[in-house]
Amino acid sequence: MQVTVPQSRVHGDAQVPPSKSYTHRAILAAGYADGALVRHALKSADTRETMGAVEAFGGDVVEVEGVLEIDGFDGNPEAPPDVVDCGNSGTTMRLATGAAALVDGGTVLTGDVSLRSRPQAPLLDAVEQLGGRARSTRGNGQAPLVVEGPIGGGSVTIPGDVSSQFISALLMAGAVTDDGLEIELSTELKSAPYVDITVELLDDFGVHAERTEAGYRVDGGQTYEPTEGEYAVPGDFSSSSYLLAAGALAGDPEVEVRGVYPSAQGDSAILGILEEMGADLDWHRDDGRAVVRRSELTGTTVDVGDTPDLLPTLAVLGAAADGTTELVNAEHVRYKETDRVSAMAEELAKMGAEIEEERDALIVHGSESELVGADVEGLGDHRVVMSLAVAALVAEGETTITGAEDVDVSFPGFFDTLYDLGVSVSRE
Ligand SMILES: O=C(O)C1=C[C@@H](OP(=O)(O)O)[C@@H](O)[C@H](O)C1
Ligand SMILES: C=C(OP(=O)(O)O)C(=O)O
């Protein structure tokens, strides 16, 4: 499906969807438990892959009046009866690889063409260090993967600059090993707030994990059990970034974004970055509302080491701002659904943006950029699609974006929300 988005002003209220990161973890944690209810879960393509993985390991997930009722495998995942297909979801593949390492038997994991090109080698190596077997069928560190357990815990050394999801996977699995895990990071940790989310969610499920000087540790023999048997998922700040950016670029008179309570999510930094760029906004933290009005923005420098998923949104804000915006420490943003550093440079250039790409940075010359509507590619990446739709709001004429259905990965109602904010989106 492609969408056409005309230059538009936006106004009204928008609710952010539930957090994808918390939903994945809550579903899997309920799997590691005897079971649990997960309220306000994000029902999207990626989180359904994690539901499928929990079922493959012997759990059961049903949705009753919007609530996920999950029967867990109680710390003992079974050998899946079939290949575990993780679709487009990196989080599912990494977290499920951790669970697969506990299985007394083998698990085969695969995914779509994008996921089969993303790095998995450090996690496979970690499973091997712990006495399991884990390999890439093509020997290139990418899925399809074959993982054999069970691991009993121990010490492991792993790089931190490829994906934090490896650490999250090891912590979640490590809690139900016999001996627990001591994780040593051999390189600086990128995307660190996502491990904070894991540690916070584990705590809500009665499992203790902690940061150490060298990395992380989790004791073995722990039991997953959320307070009163249930867990409620908070709103998603990565998804909020498109709505907040739409308000800052085109809010007339204003956009109110709901569901943005203070959170461990690194991407909550979007509010501070928008303010620094000069956006006229009020964040009412106590009732989770942010009100944003159209503003003259100026360029800034953002280290996206902790917040890789904001890069597409920030590139668009930079292209519409006065001055230069530098998005630095961004190499890990290349290992996503697509190489988002190149993707944003190429697609925004089609819309008239002046952008320079470096291996680990994107430099956007906003003053030189006169955004014009164009035919652009979503490149199979939900965040590229949504950020280009925001760029379209301030581009002269109309912008047509391919692959609009990919928003289903993290924000299924995205184009309906945009329509409700007054944008005449057309789909074909
Ligand atoms: O753990 C998570 O929920 C995520 C971690 C991040 O990935 P990396 O740790 O691979 O950077 C982020 O980009 C992804 O969208 C979600
Ligand atoms: C990179 C993302 O997710 P995942 O790693 O789960 O595919 C994302 O949502 O931007």
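Cβ atoms are placed via backbone N, Cα and C, with glycine included.
Per TrEMBL, the feature domain 'Enolpyruvate transferase' maps to 6-418. Residues or ranges marked as phosphoenolpyruvate binding site by TrEMBL: LYS20, GLY90, ARG118, GLN165, ARG340, ARG383. The 3-phosphoshikimate binding site annotation in TrEMBL covers LYS20, SER21, ARG25, SER163, SER164, GLN165, SER191, ASP309, LYS336. Positions annotated as active site, proton acceptor by TrEMBL: ASP309.
Overlay of TrEMBL annotations on the structure.
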residue : record                           : Cβ neighbours (10 Å)
LYS20   : phosphoenolpyruvate binding site : 25
ARG25   : 3-phosphoshikimate binding site  : 27
GLY90   : phosphoenolpyruvate binding site : 21
ARG118  : phosphoenolpyruvate binding site : 20
SER164  : 3-phosphoshikimate binding site  : 24
SER191  : 3-phosphoshikimate binding site  : 23
ASP309  : active site, proton acceptor     : 25
LYS336  : 3-phosphoshikimate binding site  : 22
ARG340  : phosphoenolpyruvate binding site : 26
ARG383  : phosphoenolpyruvate binding site : 31
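Residue annotation for 3-phosphoshikimate gives LYS20, SER21, ARG25, SER163, SER164, GLN165, SER191, ASP309, LYS336. The furthest Cα pair among them is separated by 19 Å. Applying an 8 A CB threshold to same-chain residues 6+ apart, the list for GLN165 (phosphoenolpyruvate binding site) reads GLY90, THR91, ARG94, LEU95, SER191, TYR194. A Cα-Cα distance of 7 Å separates ARG118 (phosphoenolpyruvate binding site) from LYS336 (3-phosphoshikimate binding site). Among the recorded positions GLY90, SER191, ASP309, LYS336, ARG340, ARG383, the residues whose Cβ sits under 6 Å from any atom of ligand 2 are GLY90, ASP309, LYS336, ARG383.
For ARG383 (phosphoenolpyruvate binding site), the nearest neighbour among the listed recorded positions (SER164, ASP309, LYS336), judged by C-alpha distance, is ASP309. In the predicted model, the domain 'Enolpyruvate transferase' (6-418) shows an average pLDDT of 98.
Taking LYS20, ARG118, SER164, SER191, ASP309 as the candidate recorded positions, the subset whose CB lies under 6 angstroms from any atom of ligand 1 consists of SER164, SER191, ASP309. The CA atom of LYS20 (phosphoenolpyruvate binding site) is located 15 Å away from the CA atom of LYS336 (3-phosphoshikimate binding site). Between the C-alpha atoms of LYS336 (3-phosphoshikimate binding site) and the residue listed as 'active site, proton acceptor', the distance comes to 9 Å.
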